[in-house]
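What follows is a set of notes on a single structure, which appears directly below.
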Amino acid sequence: MFTGIIEEVGIVDQIRRGGEFAKLRIRARTVLGRIPDPADPFARPTKPGDSIAVNGICLTVTDLEHDHFTADVMPETLRRTAFNRLAPGSRVNLERAMAANGRFGGHIVSGHIDGIGTVRSRRREGNAVWFNIAAGDRIAAGIVEKGSIAIDGISLTVAEIRPEPGNASFSVSIIPHTLAETALADREPGDPVNLETDMLGKYVFHLMGEGGALLKEASEETGSPAGADPREQDRKLKEMLMRF
């Protein structure tokens, strides 16, 4: 689990593609634990098997060097994310999985991308920069005004949403610090971005729709008529829940 608070902007050093999969090599320091943090007595160097979010995509570290780490990218990730826009030299947002003793500075971010958005516009207002992002109807259904969303792994607040069917979009207002400390500064109109909507909202949305119907069906099918076998009721309930 991540929080959407970017620790470091890394640099893509190498991408090796193998048909439907890829291997990514990124230059970094902070997320590798190479810089001691006296304020965190639990800090330790990153090791193979640890998770690092790269532009919001949860990847597993497979190999480490002094100032690089390598991760495998599977076909599902290539289909669901804006990974294909990356090239050697690209700047990427990096965040290690949240430590149990860490501050929860952003919101719950799973690192499982819901889909790709497209930057429609970018404009300055005072010290802030506004980004308007086009999102598909399925993604837009999970976005709430003043709620949270992760854009390329950055925890941001939705300032406005326009849920027009087939033409949905939302806007975020970015403070100077976020722009300076993340790769969002590189995004221009037309660029794709990874989107992950709020996890809690997704569960609520599911329960209000198909999930709610399944729970009702499970409740009706596993009622407690006289003589009903409790083990059979448990079995039916488990079957229903497995359909979520």
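Glycine is treated like the rest: Cβ placed from N, Cα and C.
For reference, TrEMBL has these:
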DOMAIN    1-107  domain 'Lumazine-binding'
REPEAT    1-107  repeat 'Lumazine-binding'
DOMAIN    108-208  domain 'Lumazine-binding'
REPEAT    108-208  repeat 'Lumazine-binding'
Problem set entry | Average pLDDT across the repeat 'Lumazine-binding' (108-208), rounded to a whole number | 92
Exercise. In the domain 'Lumazine-binding' (108-208), how many residues does DSSP assign to helix, to strand and to coil?
Worked result: 24 helix, 42 strand, 35 coil
